[in-house]
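Visitor: Swiss-Prot feature annotations, pasted as is:
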type	residues	note
BINDING	Gly13, Gly14, Gly15, His16, Ala17, Gly18	FAD binding site
BINDING	274-288	NAD(+) binding site
Amino acid sequence: MLYPIEFDVIVVGGGHAGTEAALAAARMGCQTLLLTHNIETLGQMSCNPSIGGIGKGHLVKEVDALGGAMAIATDEGGIQFRILNSSKGPAVRATRAQADRVLYKAAIRHRLENQPNLMLFQQAVEDLVVEGDRVIGAVTQVGVQFRARAVVLTAGTFLDGKIHVGLNNYTGGRAGDPAAVSLSARLKELKLPQGRLKTGTPPRIDGRSIDFSVLEEQPGDLDPVPVFSFMGRADMHPRQVPCWVTHTNERTHDIIRAGLDRSPMYTGVIEGVGPRYCPSIEDKIHRFASKDSHQIFLEPEGLATNEFYPNGVSTSLPFDVQLDLIHSMRGLENAHILRPGYAIEYDYFDPRGLKASLESKAISGLFFAGQINGTTGYEEAAAQGLLAGINAGLQVQGKDAWTPRRDQAYLGVLVDDLITRGVTEPYRMFTSRAEFRLSLREDNADMRLTEVGRTLGVVDDARWDAFNRKRDAVSRETERLKSTWVNPATLPLEDAEPVLGKGIEREYALADLLRRPNVTYETLVGMQGGKYALESPLAEDPLLAEQIREQVEIGIKYHGYIARQADEVERLGANENTRLPADFDYSQVRGLSIEVQQKLAKHKPETIGQASRISGITPAAVSLLLVHLKKGVLRGQVGPRASSEGEAA
C-alpha cells in the first residue's frame, strides 16, 4: 500500500539521533514522518542513565544552542547534576547528569507529539525505495510504503544486531527489541561500505539488595545546581539523589579471569571491535592486569524504581560469572541482578562514504546519523541526528547544506573526524579531539551557534529572545568593567587588600583587576559592599546572572589566549574551505604519488581541509593540490572557493 501523503523528510529510528533529526526537520517547516518499531521506546536510554561528560556535555550544549531537545529533557528528567573538571580551565569543564529513564523518555515523547509538522508511525522499516541513485521512500514490515524527498537513517545498534551473554547469542537490536535484519540485508544490496562493531552494557541491580551503609556516597553539585539547557532552570529538576561508589578487588579479578574461556570476546565469537574508552570489565582486567582495583559507580535508574546501573562493569560474560563478580564487591555481597549484562554486535556504515552534510555520496537524499556511522554514545548520536535533520530539510528546501567548522563546534570536529578518518572502533568525543577547545566551551555554545540556528530555521522565538537578552547583557557588562575605573582614593587599601592581596598604586579598570590570577568576578564586584555589582534587573534573574558572570569572567581573563586562537584559525583557514570538484581527476596532478592519488580518489574529499586530514596525505601533497587548483582557476576549469561550510545557507 502506498500511503496517501508524501512527506518531505522520513526519519527511520526513534533513538537519540532519530528524535533530534525529526524535530529539527519539523522545526524547519518540513512535513516530517518518524518511523519507529515501537512508539513506547522513543528516546529510550538503552545503556547508562546519564547524559553529558567530558566532550559529550559540549555536544549536548551545542544541540541545545541549535534548538534540540536533549538538554531540556535532561533538565526535566535529571536526578543528579555535576560539573566535571570544575577546578580546571573553562575549556574542559563539562556538565554531567544522571537521568530518570522514565522522566527523560516522557520529556522527549512530549516534544515529539507536540511538534508541528511531525507525524509518528509505529512500524519497523524493512526496505528503502531507491530509484536510480536516489532514495524516495521507505517500506514497513506490513508493506506500507511511505514516499519522501529525503530519508534519514538512524538505526542505532539494530542493523543485524546480535546479543551475546557468554557463549549464548541471539538476534536483537537491544534487550527486548528485535533486530532490523531485513533492512540490514537491503542496505547490503546497495553495496555501501560497512563493517561490524560491538558495544555492551552491565547487569542491573535491585537497590533493595545493596548495602549502602558500607558504600561511599557521591552527591551532586548543590551550590549552584547546574542546568543543562540554556533555556533550563534548576527548579525544573525533579528530586535530586546521590550515586554510590564501590570497587572491584583481587577476588573480582580472579573470577573474571577464570571465566574468560567462556567469554565471547576472548573465544572469537564476537568479531566486532568494542569502544576503547568504555571497555568491558573483562577487557579492563586483561588490559590493565597490574591494577588491583577499579572504581564502580552505582547509579540510580530513576525515582520510581529500585534499579541501579553499576557503571564500570559492562560485560558479556556468562550469567553465573556475572553473579559471582557482582557478589565479590563491597556492598553487593547479596545483590540481586534484575537484568543480565550483554554485548551486542551490529552493522555500521563507513562514514567516509558520507558528505559533510551526512548525506550518502552514493545515494542522493539518504542521510545517516548516530551509531550507524560508527560512533558511541547518546550525545554523539543526538548531535549527528540534529545535523542530518537540518541538512535533509535544507535539501528539500533547495538550499545549500550546512556543517559547522572544526573551529566553530565540537559537532564540526565530530563530523570532520568521521568523514575524513573513518573509524576502526566506536568513536567517542573528547575535548582533546578539538584543536580550538578554548573557543569551543560549554558556556559559549549559544554564542557560537544560536544565530546560525535562527538562520537555518531551527531556533524558535522564545530561545532567540532569551539568547539576545543574554548576548546584549554580556556585552554591556563587559564594557562596564572595561570603563569603570578605580584608584587609591576610590578603592582604599582596606577594601582592596581582601580581594587583590594588596592595595592599588594607580588607576585601574575593573577589567584589568579581573585579569589577575586570584581575582574572580564575584569577589571583584563584591568589593566595598557590592558597590560594583551587576545591575539589579539582571541580578534578579539568577540563571541569567550566573551565565553573564561566567561569560564575562572567561572573556576578560582569557582574552589574550582566545584572540591568539582566533588568529590561528584565520591563518589555518586560508585554504580550509577551498572546494575540490566531485569529479576531480587526481591522476592529473603532477607530483602526487600513486598512493595519495588512490586515497583521494577513494575518499573523495569535498574540500582541501578534508583532504589534509585523510591519513597519509602529506602537507606536500596538499600544496600540489592547491597549485593544480590555482592553475585550473586561471584556465577557468574549476571554481576557486565555495561558501564557508560554517555559514548558514
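Any Cβ shown, glycine's included, is placed from N, Cα and C.
Looking at the shown structure, what environment does each listed feature sit in?
Guide: Secondary structure at Gly14 (FAD binding site), as computed by DSSP, is coil. Taking a C-beta cut-off of under 8 angstroms and a sequence separation of 6 or more, Gly14 (FAD binding site) has the following same-chain neighbours: Leu34, Leu35, Thr36, Asn38, Ile39, Thr41, Leu42, Gly43.
The Cβ of Gly274 (NAD(+) binding site) lies under 8 Å from the Cβ of Leu197, Lys198, Thr199, Gly200, Met265, Ser280, Asp283, Ala343, Glu425, Pro426, each on the same chain and at least six residues away in sequence. In the three-state DSSP reading, Gly274 (NAD(+) binding site) counts as coil.
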Visitor: Residues other than Gly13, Gly14, Gly15, His16, Ala17, Gly18 within 8 Å, Cβ to Cβ centroid, of the FAD site?
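Guide: The surrounding set, listed in chain order, is Val11, Thr19, Glu20, Ala21, Thr36, Gly43, Thr154, Gly156, Gly370, Ala381, Gly385.
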Visitor: Work out the three-state DSSP category of Ser280 (NAD(+) binding site).
Guide: coil
Visitor: About how far apart, in whole Å, are the alpha carbons (Cα) of Glu282 (NAD(+) binding site) and Gly15 (FAD binding site)?
Guide: 28
Visitor: Residues with Cβ closer than 8 Å to the Cβ of His16 (FAD binding site), same chain and 6+ apart in sequence?
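Guide: In sequence order, the residues whose Cβ lies under 8 Å from that of His16 (FAD binding site) (at least 6 apart) are Gly43, Met70, Gly370, Tyr378, Glu379, Ala381, Ala382, Gly385.
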Visitor: At a 10 Å cut-off from the C-beta of Arg276 (NAD(+) binding site), count the other C-beta atoms across all protein chains.
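Guide: By my count, 14.
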Visitor: Tell me the Cβ contacts of Ala17 (FAD binding site) under 8 Å, same chain only and six or more apart in sequence, or just say none.
Guide: Thr154, Gly156, Ala369, Gly370, Gln371, Ala381, Ala382, Gln384, Gly385, Ala388
